[in-house]
Every structure is written in C-alpha cells, then in structure tokens.
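Asker: Can you read through this structure? Questions will come right after.
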Amino acid sequence: MIPNNINNRKKLKLPELFKEKYGFNKKGIELRYCDGEKGMGIFSNRKFNKGEKIMKIEPYVWSVAKHAIVCDECLKNKLDLEEGKTLKRCSNCKLVYYCSTDCQTKAWKIHKQECKILSTIPSTTDKKNINTKSTTMLLRLFIKRNLELINNNNNNNNNNNNNNNNNDNHITGQYEIIDGLLNHKDIRSDNNEYKSFSSGFCSLLGEDPQLKAPIVLEYLLKLEPNCITIPRCEASSIGLYPLMLFFNHSCKPNISIINNRKELLIITNKIIEKDEELFINYSPAICYRNERLDNLKQCFFFNCKCTLCLGEEKIKSKDLYITCNINNCGGRINQEIDININNNNNNNNNNNNNSNNNNNNNNSNEEILKCYKCLKVYKGQEKDEILKKKLIIKNLQNKLSTNTDQININQEFKSLLELYCKEIHPTDPLFYEIVNKTQLFYLGNNNKFISDNELSTIYHPRYQIMIKYHLLQVQNLEYEYCRQMLDYVNTLATTSYFKDALNILTDLMSNHLSQIDFYGFNRDELLSLLYNLQHEYKNNIKTSRKIIN
C-alpha cells in the first residue's frame with residue numbers, strides 16, 4: 001500500500017497540469033513561478049470584480065477526530081439531520097458514522113480497505129502521541145493512490161491519462177501535487193516523535209519499517225502543515241485540498257474562502273487586476289500581530305513578508321487598539337516609529353555637521369501614537385495618557401481568565417466592560433473573547449444580576465458592532481458575517497428577544513444572504529425560523545397585552 005518512492009519535485013510539470021487537467025485558465029487563474037522564495041503561486045489572467053466566485057474545490061482526502069459523532073462522508077452532525085434520522089456507526093470498526101445509506105455507499109470504496117486497520121489505530125497511535133486524524137489521512141491517501149493506480153492501469157488507452165506511462169508509481173493528478181510539497185523536515189523539532197510513529201504505522205500495515213518508514217515520514221511531514229481545518233464541522237475535521245496548496249499567504253488577502261462542509265468556495269474580496277497574484281490568509285483572521293507572525297513561523301515555517309507585514313515592520317508598528325475620541329473620530333490609534341521626522345530634518349539641515357546628523361538619526365527613532373483615520377499624532381503627555389488605557393485590556397483579560405462559573409456580574413465588571421467598549425477599538429481581537437465569555441455570563445445562572453435594560457445596552461450592541469465591523473467591513477467576509485449573525489439570532493431567540501431576532505434575520509435574508517445566493521445555508525430552514533420568530537413575537541405581544549389589561 002505504501003509507495004516505494006516519491007516523485008521528484010523538479011520533474012513535475014505543475015503549471016501544465018493545473019491548466020490542462022483542472023482548467024484553471026478557464027476560471028481566469030493560472031499557476032506560475034514567482035520571484036523570490038515563494039516558488040509558485042496562483043495569478044489572475046483577467047480582471048475580477050469584488051465578490052466574484054472563482055471556483056469550488058472538494059478535498060482529495062479528509063478525516064475527523066477519533067470518536068467524533070459526525071457523518072464521515074458529508075460531515076453532517078446529529079443537529080444537521082432531519083427529524084427522526086440518526087447517525088449510524090459502522091458495525092465492524094465502530095469508529096466512523098454515516099447519516100444515510102447513500103453516504104455509506106459513496107464512502108465504501110475506501111472504507112472497505114481501511115475498516116480493519118482503523119479498528120486497531122487507537123491502541124497504536126495513543127502511545128505515539130500523534131493525532132488520529134493524521135493517521136487516518138495517511139491511510140486514506142495511500143488507499144486512494146492505489147485505487148488511482150488500478151484505474152490508470154485499466155484505462156491506459158484513455159486520452160486523459162499520461163500517455164501510457166508504464167511507471168506504476170506515477171499518477172498524474174492531485175496525488176502528484178502532494179508529491180511536490182515541501183516537508184520542512186530539516187527544521188522540525190519533533191522529528192524523533194514522527195519517526196517513531198512512522199515505524200508503528202508501517203507495522204500496522206504489515207510493511208517493512210526499515211524500507212517504508214522514511215516514505216511514511218515524508219508524507220506525514222507534508223500533510224501536517226498543508227491540511228485545512230474545515231469550519232462549522234464537529235470535532236475539527238481536516239481536509240487536504242491539493243488545488244488550494246499553491247495559493248500563497250498574505251495577512252491582507254484578496255480572496256476569501258467560504259465552506260459548505262467539505263466544499264470550499266473561493267471568492268474575491270476586492271477588485272483584482274489582471275496578472276495580480278491571489279492570496280489567502282493562512283493564520284487566524286483575528287489575532288494580535290505577534291501571535292499572527294508566531295503562528296505562521298511555527299505552523300508554516302516562514303517569516304511573513306507580505307505587504308502588510310513589511311509596512312508594519314518599516315514603521316515598527318506595535319499592537320495598539322485604542323479608539324481616537326477626538327471630535328468623535330472613532331479611528332484606531334497605532335504605536336509606531338515616525339519615519340517622516342528624519343526625512344524632514346535632512347531636508348532642512350543638509351549643511352549640518354556630523355554631530356547634527358547623529359542627532360537627526362536619534363530623532364528618527366521617536367515613537368509616536370497616530371490615528372489611522374484623522375491622522376492626529378499624540379506626543380508627550382497626550383501620548384502617556386493614551387498608553388495608560390492599555391491597562392483596561394489587561395484588567396479585562398484578568399477578569400475573563402477567571403472560571404466563568406465563578407464570575408459574578410457585579411458593578412465592577414460591568415463598569416470595566418463599559419470602559420473597554422468606550423476606549424478600545426472594535427478591531428481588538430479581545431472582542432471575540434469578550435463576546436464568547438459574556439454570552440456564557442448572560443445566558444448562565446448569573447443573568448439574574450442583569451436587568452433587561454443593562455443587557456441591551458452593554459451586551460447586544462457591542463456584539464453587533466464587533467461582528468459587523470470586524471467580519472464585514474475589515475475582512476470582507478459576507479458569509480462569515482451571516483453565520484455569526486445567525487448564531488446571534490438564535491441567542492436572541494433563546495433569551496426571548498424575538499423582535500430583535502426577527503429584525504436581524506429579515507435583514508440578513510433580504511440583503512446579505514441574497515448577495516451570496518444563500519451559499520452554505522439552507523433557505524427552507526431559515527424561512528421556517530423566520531415563521532417561528534414571527535409566531536413567537538405575535539404571541540409575546542398578546543401575552544403582554546393580557547398582563548396590562
């Protein structure tokens with residue numbers, strides 16, 4: 001099952017493969033060689049408008065976590081099923097589930113070969129401290145490779161195959177793309193652990209570890225940094241999308257990825273000119289700059305040199321998410337080096353002596369606070385007062401780090417939250433943590449400490465502002481905005497805020513969801529939810545009138 005070798009990356013003709021087999025050129029994009037260290041990238045061969053759909057992609061192989069109760073074929077969980085239907089477990093391995101006979105039939109070609117092996121994986125992989133998902137991914141990768149080899153041998157006269165290539169280890173397609181990936185094994189700090197696992201994996205398949213373990217290790221190190229977590233699926237499902245692997249990273253990408261379970265839809269989030277490279281974001285969309293750079297280095301093994309990072313590096317930008325309240329500006333204040341001081345001084349003092357030039361160099365390193373919106377520069381005492389506001393974030397982080405069951409929503413916490421919302425800019429990543437935590441506060445036992453008026457003035461407006469600003473305006477993720485707001489609609493309905501929930505859902509369905517053709521959402525379910533909210537709202541009004549009378 002395990003291949004005898006891996007194709008030489010230098011011999012692969014990937015640009016031709018992407019063009020001829022996958023029709024990238026017909027989609028308005030093509031694979032090209034890049035300048036510098038990036039190797040290859042995806043470029044546009046025509047102009048794209050904002051919000052334009054480029055392509056849909058399915059994973060080559062995928063996997064879910066051990067013991068996850070989710071359909072192994074379509075990734076539906078029990079909440080996604082129609083009433084009366086359940087997920088049924090494979091009677092043999094008792095590890096994978098299916099939601100229907102149709103899904104089980106689709107998966108059978110691969111599962112019939114992996115079933116016996118999967119049942120022995122837990123006892124093997126737990127000892128090696130390797131994620132079971134990676135084990136399953138490897139197993140399915142090799143099974144699918146063998147199936148493709150059989151198909152190639154049976155159809156070697158077909159024009160779509162690689163001209164009767166007699167090398168039974170050669171497959172022209174997505175598997176070949178995987179062969180061409182870098183493994184970064186020279187800079188991996190955990191190689192010994194993976195080597196141990198690779199030997200165990202060979203033994204599991206009844207193959208000679210001495211011969212095949214290096215091959216397994218090679219693929220394992222290729223898979224880990226190149227698998228994509230599939231959002232909105234239970235138990236952190238992961239997928240390997242070979243056709244996605246040559247989209248390079250930018251912290252300010254020009255395309256976005258929308259998922260409908262396994263399927264990924266690539267859309268533009270800005271106007272893209274012809275011959276412009278297309279970028280996606282490998283790191284979490286909302287995180288502090290140092291966390292973003294550390295994540296890229298640790299998980300993807302490169303120092304980011306995108307335009308955003310180079311610009312931040314040039315001005316020595318530091319994470320600072322404080323709101324500019326001058327004349328109700330509302331812009332974000334950032335901490336940086338004033339690179340203009342040195343230029344201005346040089347223009348005014350061209351005839352100065354060396355000592356003056358040294359002074360100018362010292363001045364050029366002056367740190368300033370600058371509003372990105374109104375361009376006001378804060379210095380001296382004003383700057384010191386602004387920097388003191390960082391304590392607000394620190395104090396709130398300390399509060400949020402406390403176990404949510406033990407936090408009392410007292411006046412101190414509410415005052416701190418109000419101060420945070422007033423002084424800290426909505427793009428601050430901590431807003432996400434606040435939303436998640438306060439949702440537990442307000443829906444848990446502690447909600448008795450909060451009146452309806454306080455609930456609407458503190459929690460709900462900030463939730464909406466944070467989501468709308470961050471996900472819609474900053475990241476241009478219309479889909480993600482809809483998903484988050486639908487979660488919010490359910491939260492409002494749970495707490496009997498039927499009118500608010502009804503207004504938001506009506507706006508979503510009329511505007512935002514219609515813009516993405518309800519992609520990834522069930523229109524009938526949303527119409528049913530809309531009807532139920534209307535019904536609950538009318539009943540709520542009738543009940544209120546009876547109480548008043």
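Here the Cβ of each residue, glycine as well, is placed from N, Cα and C on the backbone.
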Asker: Which is it, of 26-70, 71-115, 251-295, that Swiss-Prot names as zinc finger?
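Answerer: It is 71-115 that Swiss-Prot annotates as zinc finger.
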Asker: Can you tell me the CA-to-CA distance separating Cys99 (Zn(2+) 1 binding site) and Cys90 (Zn(2+) 2 binding site), as a whole number of Å?
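Answerer: Between the alpha carbons of Cys99 (Zn(2+) 1 binding site) and Cys90 (Zn(2+) 2 binding site) there are 11 Å.
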Asker: How many Å lie between the Cα of Cys115 (Zn(2+) 2 binding site) and the Cα of Cys74 (Zn(2+) 1 binding site)?
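Answerer: Here the two Cα atoms lie 18 Å apart.
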Asker: Going by C-alpha distance, which of the binding-site residues Cys71, Cys74, Cys103 is nearest to Cys93 (Zn(2+) 2 binding site)?
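Answerer: Answer for the nearest of the binding-site residues: Cys71.
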Asker: For the zinc finger (71-115), find every same-chain residue at least 6 residues outside the stretch whose CB is under 8 Å from a CB in it, and list them.
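Answerer: Same-chain contacts beyond the flanks: 62, 64, 121, 136, 139-140, 143-144, 147, 230, 233-234, 237, 261-262.
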Asker: Which secondary structure state does DSSP assign to Cys99 (Zn(2+) 1 binding site), in the simple three-class scheme?
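Answerer: Note: Cys99 (Zn(2+) 1 binding site) is coil by DSSP, not helix or strand.
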Asker: How many other Cβ atoms are found within 10 Å of the Cβ atom of Cys90 (Zn(2+) 2 binding site), counting all protein chains shown?
Answerer: 17
Asker: Under a three-state reduction of DSSP output, how is Cys71 (Zn(2+) 1 binding site) classified: helix, strand, or coil?
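Answerer: DSSP assigns Cys71 (Zn(2+) 1 binding site) to strand.
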